[in-house]
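Annotated features, as they stand in Swiss-Prot:
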- 34-54: transmembrane segment (TRANSMEM)
- 78-99: transmembrane segment (TRANSMEM)
- H84, H183: heme b b562 binding site (BINDING)
- H98, H197: heme b b566 binding site (BINDING)
- 114-134: transmembrane segment (TRANSMEM)
- 179-199: transmembrane segment (TRANSMEM)
- H202: ubiquinone binding site (BINDING)
- 227-247: transmembrane segment (TRANSMEM)
- 289-309: transmembrane segment (TRANSMEM)
- 321-341: transmembrane segment (TRANSMEM)
- 348-368: transmembrane segment (TRANSMEM)
Amino acid sequence: MATNIRKTHPLLKIVNHALIDLPAPSNISVWWNFGSLLGLCLIMQIITGLFLAMHYTADISMAFSSVIHISRDVNYGWLMRNIHAYGASFFFICIYLHIARGLYYGSYLNKEAWNIGVVLLFLLMATAFVGYVLPWGQMSFWGATVITNLLSAFPYIGNLLVQWIWGGFSVDNATLTRFFAFHFLLPFLILALSVIHILFLHETGANNPMGINSNTDKISFHPYFSYKDLFGFLIVITLLATLALFMPNLLGDAENFIPANPLVTPLHIQPEWYFLFAYAILRSIPNKLGGVLALLFSIFILLLVPLLHTSKLRSNIFRPLTQIFFWSLVTNAIILTWIGGQPVEQPFIMVGQIASVAYFSLFLFVIPITSWCENKFLSLN
């Protein structure tokens, strides 16, 4: 009898266990597609980024011109740039939906995979931030100046830390060079951590919408879920191509069409849309250090979610009260995103402060207490 090479070859065996013969719960829904979509986004970003890096010049006198050169003179350079820019937005859409699914269905109880996922989110945000600086437009320069300046809020070492990151006394050539180096390096670190993320996930197997043990009802990943994932790929690639080809500047800031000028400050300094919720939390606290700590905590609060799980049930599917507060959290995050893009004036300041308090309260108090109450209602002692 002929042996199947994918089941015996040392390398193919790993791929087989991860992508072909992987036992998957039969009832996982479309919300489980986003893991593979994140993989697609990462591969697309690395490939387009590699081609862009071949023509980009990390020097303040040439960076802006080199981006124009890519858009005008390089074969399909405009397409690579548009896909790379929109790819970042799609990456964040997918990761936020992936996290929301994890929160709703209790996937965070697989603590190792969840914690590595939070680290991946942080690395993705760092990569996107340093990447946004590279075109060296007005918003690139001032965004870099404002965000790196936040480190000066830390007592004693703050100013030293800022100058160390800048490589001088202001955002200058040294800053751009190192940001390019970080932007090139970090995606490969994300790729390595993604493999570890998948490794930990496959130790226990995927969660499912019911939040119960599904060992008695598993089907192979291929062909059932591989085709389902391909359908997701098709939708994302279609949307990405439509936006990149028909609306290339929809999400870009108009200020970034102006070369960086340290003497002229833009009217509203704001990051890309995917950072606005954290930026709104930062702005809602009048104290500089307090704002920076709140900004960091708005992301790292996800690490506390497994510790704050008080329910006897894993998934939210049978917990109507927790569902209400979960959707309140989603709405709250959308409100914070909107507030982050508004000028610093009333009533936006007050709305931002209320939404920031609600954001942390829902995570730390409201959802854990509601879950505990539901245990009592259902007599789950």
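Glycine is treated like the rest: Cβ placed from N, Cα and C.
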Just give me the nearest neighbour of H98 (heme b b566 binding site) among the binding-site residues H84, H183, H202, Cα to Cα. H202
Taking pairs 6 or more apart in sequence, does the count of Cβ pairs under 8 Å between the transmembrane segment (114-134) and the transmembrane segment (289-309) hit 3 or more? yes
Near the transmembrane segment (348-368), which residues from the same chain, at least 6 beyond its ends, have a CB less than 8 A from one of its CBs? 280-281, 283-285, 294, 297-298, 301, 304-305, 308-310, 322, 325-326, 328-329, 332-333, 335-336, 339-340, 342
Smallest number of other CB atoms within 10 Å: among the binding-site residues H183, H197, H202, that is H202
Between H202 (ubiquinone binding site) and H183 (heme b b562 binding site), what C-alpha distance do you get in Å? 29
CA pair H197 (heme b b566 binding site) / H84 (heme b b562 binding site), Å rounded to integer, equals 24
Are there residues of the same chain, six or more positions away from H84 (heme b b562 binding site), whose CB falls under 8 angstroms from its CB, and which are they? Q45, T48, G49, L52
Around the C-beta of H98 (heme b b566 binding site), how many further C-beta atoms are within 10 angstroms, looking at every protein chain? 21
